[in-house]
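Asks: Below: one structure in structure tokens.
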Amino acid sequence: MLPTESKKALSFKRCIEDGDLVIVYERHDVMKPVRVSKDGVLQNRFGVYKHSDWIGKPLGTKVFSNKGKFVYLLAPTPELWTLVLSHRTQILYIADISFVVMYLELVPGCVVLESGTGSGSLSTSLARAVAPTGHVYSFDFHEQRADSAREDFEKTGISSLVTVEVRDIQGEGFPEKLSGLADAVFLDLPQPWLAVPSAAKMLKQDGVVCSFSPCIEQVQRTCEVLRSEFIEIRTFEVLLRTYEVKEVKVDDGQRQDEDIGDVRPCKRKHRSNEDNTVSHDNSSVAPAATTSVVMARPCSEARGHTGYLTFARLQCLS
């Protein structure tokens with residue numbers, strides 16, 4: 001996934017090898033991570049897939065089962081990994097993650113401190129942003145979660161870019177050994193204002209801190225503490241609205257129902273000459289011509305509020 005090894009540089013043209021992690025894509029909402037093994041087999045509702053048929057094929061390949069059904073084999077990019085990872089805690093999704101990476105001004109070579117690690121969704125994107133020469137130091141007070149995160153980083157090949165430690169940042173602060181080394185600090189804590197003084201000590205001059213909080217009361221208390229040593233304090237709420245795009249076939253002269261893809265046949269009215277009554281007939285004299293129409297509508301599963309992102313820059317000392 002990341003250019004940490006010269007032989008496996010970040011390239012979607014690289015061929016799959018024995019032991020690689022791939023994302024098996026069935027449809028946009030059904031994906032799973034699979035470790036490729038020459039003797040391995042994947043079974044799903046589409047049939048049986050032999051891993052041996054995958055080895056040597058480039059990432060992005062369409063592979064077929066014994067029933068003739070297919071899935072795609074995709075690279076475990078941070079975007080896809082966020083959608084398939086195990087949820088040990090509530091995670092950040094792509095809209096918030098992309099906003100964080102941009103406003104923390106992350107580039108290759110940066111050093112980032114993160115608390116807490118959680119499920120590692122953000123950690124993976126931070127690692128890609130600072131690769132190949134930067135580093136992410138991630139802290140979580142829960143030892144089992146930290147161990148699980150390390151295992152995930154090994155799977156995705158970013159363990160050389162992320163160091164996970166068990167530490168209560170709210171109570172102890174960040175380690176003194178990192179003082180003045182961080183370009184950015186990210187806080188995802190129940191009481192982030194308690195960690196703000198320690199974050200200020202960790203940052204380089206002009207460094208940026210970001211705090212993620214689901215409640216506005218947390219934001220207010222954090223901003224009060226930030227004012228003592230930080231400037232440019234800003235809070236954002238990122239709301240993403242996605243659209244579902246489908247191509248549907250519509251009979252000429254017929255009206256399409258509001259629901260995408262739900263096209264109902266029109267009933268033809270016939271008036272009887274004898275009793276002046278109206279009858280309905282679903283039959284047609286000749287088959288109507290059809291045309292393809294591309295329709296778009298907001299997805300019904302769109303996520304609402306996730307949290308507030310508060311950014312602040314360390315005030316430079318004159």
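Note: Cβ is positioned from N, Cα and C throughout, glycine not excepted.
Annotations in TrEMBL come from automatic prediction, not curation.
Annotations for this protein, taken from TrEMBL, read as follows:
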- Ser119, Gly120, Ser121, Leu122, Asp140, Asp168, Asp188: S-adenosyl-L-methionine binding site (BINDING)
- 254-265: compositional bias 'Basic and acidic residues' (COMPBIAS)
- 254-286: region 'Disordered' (REGION)
Asks: Identify, in sequence order, the residues in the chain of Asp188 (S-adenosyl-L-methionine binding site) that are 6 or more apart from it along the sequence and have a CB within less than 8 Å of its CB; answer 'none' if there are none.
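Replies: Spatial neighbours, sequence-distant, of Asp188 (S-adenosyl-L-methionine binding site): Leu92, Glu114, Ser115, Gly116, Gly118, Leu122, Ser211, Phe212.
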Asks: Show which residues of the chain containing Asp168 (S-adenosyl-L-methionine binding site), separated from it by at least 6 in sequence, have their CB under 8 Å from its CB.
Replies: Phe141
Asks: I need the most crowded of these binding-site residues: Ser119, Gly120, Ser121, Leu122, Asp140. Count other C-beta atoms within 10 angstroms of each C-beta and give me the top one.
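Replies: Of the binding-site residues Ser119, Gly120, Ser121, Leu122, Asp140, the most buried by Cβ count within 10 Å is Gly120.
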